[in-house]
Amino acid sequence: NHTLLTDFVLSGLSSSPGLQHLLFFALCFIYSMTLIGNLLICTVTVHPTLHTPMYFFLRVLSFLDISTASVVVPKMLVNLLSEDRSISYMGCVTQLYCVVFLGATEWYLLAAMAYDRYVAVCSPLRYAATMNTRACLSLVLLSCCSGKVVSVVQTAWVFTLSFCGPRRINYFFCDIPPLVVLSCTDTSPYEKQIVSATVLVIFTPFCLILLSYACIISSILKISSAESRHRTFSTCSSHLTVVTLYCASGTLIYLQPKSSNSQDTKKILALIYTTVIPTLNPLIYSLRNKEVKQVLIRVM
């Protein structure tokens with residue numbers, strides 16, 4: 001006697017009319033900065049002087065950031081100004097699939113980028129042979145395939161659950177935790193599975209990134225030039241700050257998917273995860289880079 005749902009309703013970030021308009025303009029600004037910053041990186045890193053593995057990975061990262069923000073933010077902006085906040089069942093499936101796919105792919109790509117930096121700093125004489133075009137394309141393809149597998153499995157798991165109660169999602173996009181809360185079936189097996197998936201998708205790449213940077217820092221300490229040490233340390237600390245922020249927000253969102261008491265906190269973390277970090281990445285990874293700034297000035 002379960003009712004077949006044809007759509008869901010997204011509650012959004014806030015129900016206050018005044019706050020909704022403020023959020024609309026703030027998110028418009030953030031989304032614009034995300035598009036401008038990442039499109040600049042995609043454009044500038046095509047320049048012949050930046051044809052290196054690091055900038056190739058940065059170009060792919062910028063594309064993923066644009067895609068992540070575009071999957072979530074436009075629908076959220078429409079809902080902030082509209083009374084009809086419904087999303088079709090298949091629309092919800094598609095949005096969840098895209099969010100998980102892009103998030104998982106980005107994590108694996110960040111691990112690949114950390115490996116690239118490790119080879120560049122710790123084995124500079126073998127760098128050109130190790131990180132050739134084929135190796136870079138293989139790492140990106142492996143990241144995408146891994147993200148696709150994770151996304152297919154997670155999306156299939158969520159939408160095999162029965163939704164026979166309320167259809168209002170206490171969130172601003174279709175994600176795993178709020179959808180699991182709506183299910184009227186026993187979700188304990190799925191909660192164990194989501195913990196395993198979180199460890200596989202977030203903690204494993206995070207540990208590899210930390211290991212790579214530990215080796216990098218060890219090599220940096222052997223550099224005699226204080227200026228070179230400071231510059232490299234500054235770059236590493238910036239990268240690790242973004243990765244840690246990404247890891248912390250993702251872990252807190254997904255480790256307790258059935259907890260409905262902390263949905264407001266999870267909304268804030270998801271907002272950071274899907275809109276703020278894609279805006280920060282161009283600043284942290286590229287626009288502070290001297291070579292990128294020189295090419296950008298030349299192109300403009």
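Using N, Cα and C of the backbone, Cβ positions are placed for all residues, glycine too.
All annotation found in TrEMBL is predicted automatically rather than curated by experts.
Small disclaimer: the values here were computed from a predicted structure and weren't measured.
Annotated in TrEMBL:
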| type | residues | note |
| --- | --- | --- |
| DOMAIN | 37-285 | domain 'G-protein coupled receptors family 1 profile' |
| TRANSMEM | 22-44 | transmembrane segment |
| TRANSMEM | 56-74 | transmembrane segment |
| TRANSMEM | 94-115 | transmembrane segment |
| TRANSMEM | 136-159 | transmembrane segment |
| TRANSMEM | 194-221 | transmembrane segment |
| TRANSMEM | 233-256 | transmembrane segment |
| TRANSMEM | 268-287 | transmembrane segment |
Spatial neighbours of the transmembrane segment (56-74) far in sequence, C-beta under 8 Å, 6+ residues away: 27, 30-31, 34-35, 37-39, 41-42, 45-46, 95, 98-99, 102-103, 105-106, 109-110, 112-113, 116, 136, 139-140, 172-173, 274-275, 277-279, 281-282, 285-286
Segment confidence, the domain 'G-protein coupled receptors family 1 profile' (37-285), expressed as mean pLDDT: 84
